[in-house]
Structures are given as C-alpha cells and as structure tokens.
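Below is one structure, written out as structure tokens, with a few remarks after it.
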Amino acid sequence: RKPLTFTAHKPAPELILTPEPKVITHNNFYEFGTGKTDPAENSQHLKTEPWTLRVEGEVEKPATVDVWKLMNEIGLEERIYRMRCVEAWSMVIPWVGFELGKFLQRFAPTSRARYVAFETLYDPEQMPGQRNRYVGGGVDYPYVEGLRMDEAMHPLTILSVGLYGKTLPPQNGAPIRLVVPWKYGFKGIKSIVKIKLVERMPPTSWNKLAPQEYGFYANVNPAVDHPRWSQASERFIGPGGLFSVKRQPTLPFNGYGEEVAGLYSGMNLKKFY
Amino acid sequence: MSRSVPGASWRKPLATTLQLGVHLGALLPLLWLFVAINQGRLGGDPVKELIHYLGMGAVRLLLLTLLVSPLAKSLHFGQLNRLRRPLGLWCFAWATLHFLTWLVLDLGLDWSLIGGELVKRTYILLGFSAWLMLLALAITSFPALLKKMGRSWKKLHGLLYIVVLLACWHFWWSVKSGWIEPAVYLGLAIILLAWRRDSVRRWLKSW
C-alpha cells in the first residue's frame, strides 16, 4: 500500500477509531468468499494497477478515467466516518478520498440523470466467488449498487481510494470504492470499474438476492429491523479484545441525520427501507 | 447388552478407542479455538464466525449421534452404542457454547434485547427450542436415570429426532445467503431419520 497525500481534518472528539488491523481483516467482499477473513486471505493477488473507471450514461462528456492518475491529480481529503454494517456491527474508519458529486460534475450530467449505477470488476479468474456460486454466497455478479442523484451529489458521499493514510488494500475495495456514511455498508460498492448515470432506479445486488431484507435505500435506521435481527443497536468494533466489544445504540442515518434527513422528507422510511 | 459375535475380542478395544476419539475430536477444536482467538487469528471481530463455527460443530455432532444406532445395528457391533452418550453430551456442550456466545458476545447480555429477539425471530426461537430439548436430554443422560425412568426415558430421548430437524431448520433460516450448505445438512438429517424409520415410527406412536 502506497502513502497518499491528503488534507486532514480534525477528528470529531466522540469518535474512537477502529484499529487498522481490524479494518483490513474484517471484511465483506463476497467475490473473495463469505467468511469475514476470506477477503484478506484471498484477494492479495488482485491486480489493481492499472485500473480504469468508465463514466457514462446520461452525461455530456463520457470518459474512461485512469484511477491512479486521478489519485495524484484530484485533491484528496481524509474523512473519518462511522461505518454501520447491516449485520449490526460498526467501525469508525479514516477514509481518504474525494467527493463523488464534484467528480461527477466533470462529466456534465444531463437533466435526465436521476440515478447513479455502480459496477464492480467482473473477473472470475481473479475472483473465486465469481467462479463458484457456493464461494460467492449465491450473489449474481458483477456486484451492482445505486444511488439517487441527490444522494450521489451530497457532500458526505465520497469515492475512497485509501484508509489510514495509505491506498486501499484489495479486501477493502482497492483501488476505488464508494462510501456513503449514512447507509448500511453494503451500499459501499468496492473495486468499481463503471459508473453510469441513468433515468430509472438501477438494480442493486443485495436487493436482487433478498428484496424483503435489503432495500434500495438501505439508510441506517434503528426503527426498522432486519427480518432476522434487531437494528436498534450495534456492536462497535474498537480497540481491545473479543470481550471488550460493546453494544451501543444505533443512530438514525448513522448519526448523519442533521445533514441528510432532508433528502428523504415526506418519504415513509419503513416502506422505502 | 452387547450383541458382538463371541470371539471377536477386537470389538471392545475398538469401541473404547473410538470413544476416546470422540472426546478428543470434540475437545481439540475447542482448545484450538481458544488459542486462535487469543492470537487474533480469527480476524478483527470473530463473534459471528465463532457463533457459526460452534453451531456447525453442534449440528455435526448431532448427526453423528444419530448415526450410531443404525450403524451398530447393521454392523452387528453393539459396543458401538457406547459412543452415543459422549457424542450427545458433546453436542450439548457445543450447542451451549454457541448459545452463550450469542448471548454474551453478540447481544452483550442485554436482556430486553435478548427477550425481544427470542420472541421476534423465528429462527432464533427454533434454535432455542432445540437447545432446551438438548438440555433436558443432557440432564437425564445419566445411566442411573435411564434405569429409573424406563420407558419414559426412551420417550424423552426420542426428542433428538425433533432436535435435528429444528437445528437444520434454524441453520437454514439463519444464513444471509446461499442455501446449499443448510440443504446438505437437512438432507443428511432426513437420510439418517429414514434409515431408522422403524424406531422413529415407534417413538411417534408412544406419544
């Protein structure tokens, strides 16, 4: 992993960072297996350099971007965000990246762009979960995700290229991934190769697999339980051993309600989960 | 009790060896688990893995327990039945650790949350019912009680047929994605029950 140059911000005092070794060994990246340590074990050979990202669809200037060049040229900043997994555990991670909204402006979105569709690399030779349905947990690949245009343009939404000051390890979605801090972690699609601006709500991987369990919006919401467990609280993975893990209440919009609740005013969030 | 063929003197030591194997086979993975956790080899947050590993072990021990009788019968190897009690008790031990890990490490002994989850999540209720039945079987597993309870002991211990189905069902409903693995275990359970269908039928009639 290479060191990155970025603007740091003063971290919020109430946030305790999840230690780096835990951030990079506890991952969901089913392309490399469904166990939490599988991605760290099986992804190390993933060829992330060179890497291109295609931006297309409802834009006036579609283009293919060299991600490693982009990292040097675009201004990077550190964002320390809470990360809440739909499985009811959470971390606090110092991401390095840039705002998705500002990035998308470069391609001049048309007035018809209402949603943004993302796609992960599809390469069964490098990704054992894509070769074998059993290893990949039955997910249809490539992994796809989506955001509404206003969610994508929100300043909290970033494309991350690093964590803890260095480029991303493959298990965390190298070289470029999405981070939307008020949504469940599975929205943060990894190792992105394509971003397409579209008119209609795009399909999303977990919603296709189990629509009654995972919605398109996937906003962190303590009031809406997952059918198989409560979302009212979460296990925070911080410093310390197995027995020091504490349960803490889950915050609406993962604590970012002040900034983002307005995006959903008038919407029934129990229905649009 | 033993239906071994006279002169087959190797059967008893073989059964004893297998019994030792059961104890080691069920204990060593737990010791490994203890060491691996302390060394941080199970990753940043092994709670979910731990719960899954212990649950899977309990189901495997359960299937092995059910394998013993029909195997002993068809091999005319009555001594083999000595494996049933240790297998059953180890199954209970693994299931208890599975349950405790969920209570203590996952839910952090938050009793209102635990109560809510037990009532609201059918798959947890299924698993909990299976554990309660195993508890009843473990408590009454002493040979002295077997004599004292007579026919009602058999009636009670036939609950294992229900436990294995509940456990597989619990597994099926608990997984996030991928039904193949739970389907394989349920299939094995059904095969084992079908193999001893006469005993199952008799047990059902006894109620």
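Count begins at 1; order follows the chain as displayed.
From the backbone N, Cα and C atoms, a Cβ is placed for every residue, glycine too.
Taken from TrEMBL, the feature transmembrane segment covers B:20-38 (among others). Long-range contacts of the transmembrane segment (B:20-38) within the same chain, counting only residues at least 6 positions beyond its ends with a Cβ under 8 Å from a Cβ of the stretch, are 46, 50, 53, 57, 61, 83, 86-87, 90, 93-94, 97.
The transmembrane segment feature in TrEMBL is assigned to B:50-75 (among others).
Residues or ranges marked as domain 'Ferric oxidoreductase' in TrEMBL: B:55-168.
The feature transmembrane segment is assigned by TrEMBL to B:87-105 (among others).
Under the heading transmembrane segment, TrEMBL lists B:125-146 (among others).
If you look at the transmembrane segment (B:158-173), the same-chain residues 6 or more away from its ends with a CB under 8 A from one of its CBs are 55-56, 58-59, 62-63, 65-66, 88, 122-124, 126-127, 129-130, 133-134, 136-137, 179, 181-183, 185-186, 189, 192-193, 199-200, 203, 206. Here TrEMBL flags B:158-173 (among others) as transmembrane segment.
The transmembrane segment feature in TrEMBL is assigned to B:179-195 (among others).
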Per Cβ pairs under 8 Å, the stretch of B:50-75, B:125-146, B:179-195 packing most closely against the transmembrane segment (B:87-105): B:50-75
For the domain 'Ferric oxidoreductase' (B:55-168), the mean pLDDT of the predicted model: 95
Tally of residues which DSSP labels helix, strand or coil - the domain 'Ferric oxidoreductase' (B:55-168): 101 helix, 0 strand, 13 coil
